[in-house]
Every structure is written in structure tokens, then in C-alpha cells.
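Inspection log for the structure reproduced underneath, given as C-alpha cells.
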């Protein structure tokens with residue numbers, strides 16, 4: 001055979017081209033010995049693998065039965081289709097070679113098969129140059145490296161920038177590719193893109209594409225897109241202020257220097273005073289930002305950024321930008337400590353300065369009610385209740401949130417004032433009790449207590465004081481109660497606290513406190529004991545007397561009806577008694593009204609009666 005002899009004889013016809021069979025790594029290859037319509041007898045066939053033009057017997061077919069020869073194919077070959085097809089399983093890259101079958105009966109024939117093996121590479125990975133590239137470089141620098149692993153045969157690589165394929169260009173673009181043969185026979189492709197970049201490439205996106213073939217056709221895989229850091233000098237410097245809009249004192253302000261270079265230049269900031277024209281140099285943070293945590297009016301001025309490129313030593317200046325911090329000065333109220341007699345009048349004035357138009361408002365501190373618009377507050381016919389806090393607010397309508405206020409306390413002369421005079425309090429014996437008492441007045445009153453204890457005072461307002469007394473509930477305290485005395489140069493006032501033992505209530509607390517917040521108008525008055533029982537006793541006595549008089553009147557009326565009690569027009573009657581009863585009394589009733597018309601109790605004059613309503617007792621002699 002020509003193949004076995006190594007060359008064809010001159011003048012003889014060239015052998016036909018081998019049949020092409022394709023398979024993927026790990027798959028199965030079907031090697032058919034000749035066309036399907038061949039009339040050859042395949043009961044006696046020898047199969048060879050040809051490597052480096054050297055045939056090696058790998059399989060025999062005798063009488064339709066196959067037998068593998070020892071070697072690399074011994075466990076991977078089998079027969080199919082009545083012996084015409086040799087099945088090669090677990091294909092490897094080393095199987096890419098020519099396979100030869102020889103049929104010896106009825107006559108000698110041979111058939112050559114070229115096996116092509118394919119394996120798709122893994123997804124390509126891309127690694128960008130971490131150091132970046134300067135546009136001032138004189139030769140192409142490494143942009144990125146693309147790696148495609150475990151492909152067969154070696155895939156082709158194409159580089160892209162912004163979606164457009166790159167081709168090698170002298171002194172501009174270089175693509176260097178290399179391959180690694182793995183122990184499995186597969187290839188790993190390593191491709192390096194080198195290019196000379198310009199400033200416009202700072203936002204460019206690069207990626208690589210691997211092209212490869214499989215039995216099913218041509219395919220491709222793309223890497224992710226990457227961008228490389230490009231270093232270029234700045235051409236422009238500018239300044240920005242945050243927040244945008246009207247600024248006011250107290251705002252957090254950032255003055256930011258920016259440039260179009262990478263890396264940014266070294267920044268300094270200068271500020272020119274608008275009135276004095278003096279220039280002040282200021283050093284921002286490393287990122288070119290100057291932070292004013294609480295801006296003040298002194299920060300107003302013309303600001304300018306200067307950028308210095310440390311590589312080229314070129315200096316750039318930004319345009320000047322005015323920074324205006326709006327302000328309102330401290331509010332001044334006159335008089336600072338207003339005071340007046342009851343029924344008098346006061347005029348309070350308010351002043352403040354600002355670089356903008358200012359509006360004034362007066363508010364009642366206690367309620368927040370707006371009393372008037374404008375810098376003047378007029379108070380007439382002042383009463384004690386008019387004392388307390390008044391607040392003046394100076395605001396700038398054109399700058400939201402810009403305002404300042406000042407509180408002033410109006411004092412009305414008067415003796416101490418307490419809204420309640422007395423109160424009852426239910427307590428537990430032997431408990432520690434906190435008694436509170438609050439008083440107001442001008443001059444500011446002082447507070448004393450009628451019982452011993454530990455007292456603490458707290459200023460509520462300039463003319464008010466709160467005293468809290470801690471005492472132990474004793475039988476003596478239950479009997480006498482406690483009295484809070486508030487006094488100043490104009491008088492004194494008291495709050496009486498009556499204590500009553502509450503045996504029906506039980507509590508685990510050993511201390512009781514009455515909070516002043518639950519008392520009307522801030523006056524401390526505790527629960528009081530019942531009033532003395534003298535009024536009840538008097539009512540009972542009067543009732544008994546009336547009943548006695550009613551019975552006596554009924555007896556006299558009975559005697560009159562019987563004729564035993566003659567009466568004249570004067571209404572005077574005498575009763576003649578036996579000698580044994582001459583020492584007894586006779587009752588004379590003199591009245592201008594019927595008994596049912598007589599008042600039993602005349603209001604507060606319960607102990608007095610009209611002359612005509614008197615009952616006289618006359619001793620009979």
C-alpha cells in the first residue's frame with residue numbers, strides 16, 4: 001500500500017484525500033471504513049492509527065468479531081454496524097490524527113479518515129493594568145491582559161475599544177499573544193494589548209473576544225468590559241459651593257476646587273475681603289474641599305481656587321466666586337428688665353441688624369401667640385397676669401430659616417400670689433412626704449414653712465419660686481397640717497395643706513410627692529381636712545329647739561280649744577295653777593306671724609330673732 005510504503009510511485013495516481021470526521025473532547029468519534037454502499041467484505045479488517053507517518057495496529061476484525069490491540073486505545077474502541085464502523089470513545093486532543101482501515105477480502109483495499117478534535121475554551125478573563133497609563137508616555141503601555149483557558153485548537157483573539165475592533169498599528173497599538181499547552185493537551189491563550197492612549201481614552205471601555213470552532217460551527221466568547229486609569233494634565237480649574245442658594249449663618253458650607261486633570265492638581269484657596277480687599281490664603285483638605293462647619297458673616301468674600309500640577313509645575317486659576325453668608329445680629333430689647341405697677345403701661349422696643357431686610361414679631365412666651373408685627377410692643381392697663389416672658393423675633397423673609405430671638409421678662413409689682421389657699425391631702429402615716437408650694441410676685445418672694453423638714457427651692461421664672469419640703473408623716477403633722485408662707489416687701493400670702501390619714505388605701509411606696517404640674521397656675525396646695533364640726537352642732541341644736549317649741553304650741557292650742565285658756569286681744573294669757581304648782585313657769589308666746597311662717601335659721605344671723613318672734617318665759621308667782 002502506498003501509505004505503508006511512504007510515497008507514491010512516479011506516474012501513479014495520487015491517493016484520495018482522507019475522509020474528515022469531527023468530534024469534541026470527551027465525546028465519541030465514529031470511524032467508518034469506506035462508503036456505506038461499498039461491496040467490500042468487512043469480516044477481515046485491520047485498523048491503524050498513523051502518528052508522525054508511522055502506522056500502528058490498534059484493532060483487528062476477524063469473522064465479524066473485533067479485538068483491540070494493547071496500547072492507548074485498548075479500552076476505548078468497539079465495533080458498530082456489522083463491523084463497518086469503529087467507535088472511539090472519550091476523545092482527547094491527542095486523538096487528532098489519521099486512522100486507516102485495510103480490507104483484505106475479496107481484495108486488498110484501504111480507507112483513510114482524518115479525525116479533527118475540538119474543545120470550546122472557558123469564558124475569557126481580562127485583567128486591567130492596575131498602575132494606569134500616562135498620556136505623556138512615548139511608547140505603547142500595557143492596557144490589559146486577556147486569558148482563554150482549556151481550548152482546542154488554539155482560539156483566535158480580537159481586541160475591542162468602545163465596540164470597535166483594534167488592529168496593530170506601528171508605535172500606537174501592539175497585540176502580543178502566547179500559548180500554553182496544558183498536560184491535558186488543551187491550550188491556554190494569553191494576549192496582551194499595548195497602546196498609546198490620549199486624554200479622550202479616560203472613559204474608553206476595552207474587552208477581548210475569543211473565536212473558536214466546534215463540530216456545530218464557529219463560535220465566540222467575550223470578556224467583560226474594563227477601563228484603564230489614564231493620567232493627563234489639567235486644562236481647567238473651577239470652584240463650586242454647596243449648598244446651592246442663599247446661605248445663612250450656621251449653615252455647613254463646602255467650597256470645592258475641581259479640575260479636569262487626573263490626578264487633580266494640588267489646590268490652594270484664596271479669599272478676598274469685599275470691604276478691605278485683603279486676601280487670605282486658605283488650605284483645603286487633600287480632596288480640594290474647604291469645609292465651613294458653621295458659616296459666619298466673616299466668611300463672606302470672593303473665593304478663588306489655584307491648581308498646581310506637581311509633574312509639569314503648571315499653575316491654573318479658577319474664576320472668582322462670591323460667597324455671601326446672610327446674617328441677623330443679636331436681638332436687643334429695651335428696656336432689658338421691664339417692670340410696672342398694676343394698671344400701668346409699658347413700651348418694649350426691639351432692634352437687630354442684617355445684610356437683608358428684617359421683619360419683627362412679638363410673641364407671648366407662655367402660649368406662643370403672636371401679639372404684634374413690628375419692633376414695638378405696647379402694653380396698657382397691666383394686670384398681674386400680664387407678667388412673664390415676651391419674645392421678640394427678628395427674621396429675614398428672603399432667607400428661609402434665618403432668624404434670631406430675644407426673651408425678656410415683664411415684672412408686675414405685687415405681693416405674693418397663690419391661686420389656691422388650702423387643700424386636702426390623703427397620706428399614709430410614717431411615710432416620707434414631699435410637699436410643694438409655688439408662689440409668684442414682684443419682688444420675687446421667699447417661701448418658708450410652718451413645719452420642720454428639708455426644703456429645696458427652684459426658680460421657675462424670674463418672679464416665681466417653687467419650694468419642695470420633705471417631711472415624715474407623724475401624728476403631730478396629721479393634727480396641725482402644714483402652712484407655706486410666701487412673702488416679699490409688698491406683703492405675704494399662704495397656702496394651707498391639711499393632711500388626713502387614709503387607712504382605706506394601702507401602698508408599697510414610702511414616699512409621696514405632689515407635682516406642681518398638676519396644680520392650677522403653679523400654686524402648691526395639698527388636700528385639706530374636713531372643716532370643724534361647729535356648724536353641724538349648731539344646726540342640730542336649733543332643730544331640737546324648734547321641735548320643743550312645736551310641742552309646746554300644740555299643748556297651748558289644746559287648752560285654748562277646751563276653754564281653759566282665755567286670751568285677750570293682746571295675745572297674753574295666764575294659766576292658773578294649783579297651789580302645789582305655783583312655783584312652776586308659765587310660757588307666754590308673743591308673735592306677729594303664724595308658727596309655720598317663722599324662719600328657723602336666718603343665714604349668718606342664726607342667733608338673732610325679730611322682736612315679734614321671741615318666746616318669753618315668765619315665772620308665775
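The backbone N, Cα and C atoms fix where each Cβ goes, glycine too.
These come from TrEMBL:
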DOMAIN    15-114  domain 'Ig-like'
DOMAIN    124-227  domain 'Ig-like'
DOMAIN    233-306  domain 'Ig-like'
DOMAIN    329-409  domain 'Ig-like'
DOMAIN    416-500  domain 'Ig-like'
REGION    506-530  region 'Disordered'
COMPBIAS  506-524  compositional bias 'Polar residues'
TRANSMEM  537-560  transmembrane segment
(request) Go through 15-114, 233-306, 416-500 and flag the stretch with the largest number of C-beta pairs under 8 Å relative to the domain 'Ig-like' (124-227). (result) 15-114
(message) Just to be sure I understand, if DSSP states are collapsed into helix, strand and coil, how many residues of the domain 'Ig-like' (329-409) fall in each?
(response) 3 helix, 41 strand, 37 coil
(message) Let's see if you can do this one: DSSP helix, strand and coil counts over the domain 'Ig-like' (15-114), in that order.
(response) 3 helix, 51 strand, 46 coil
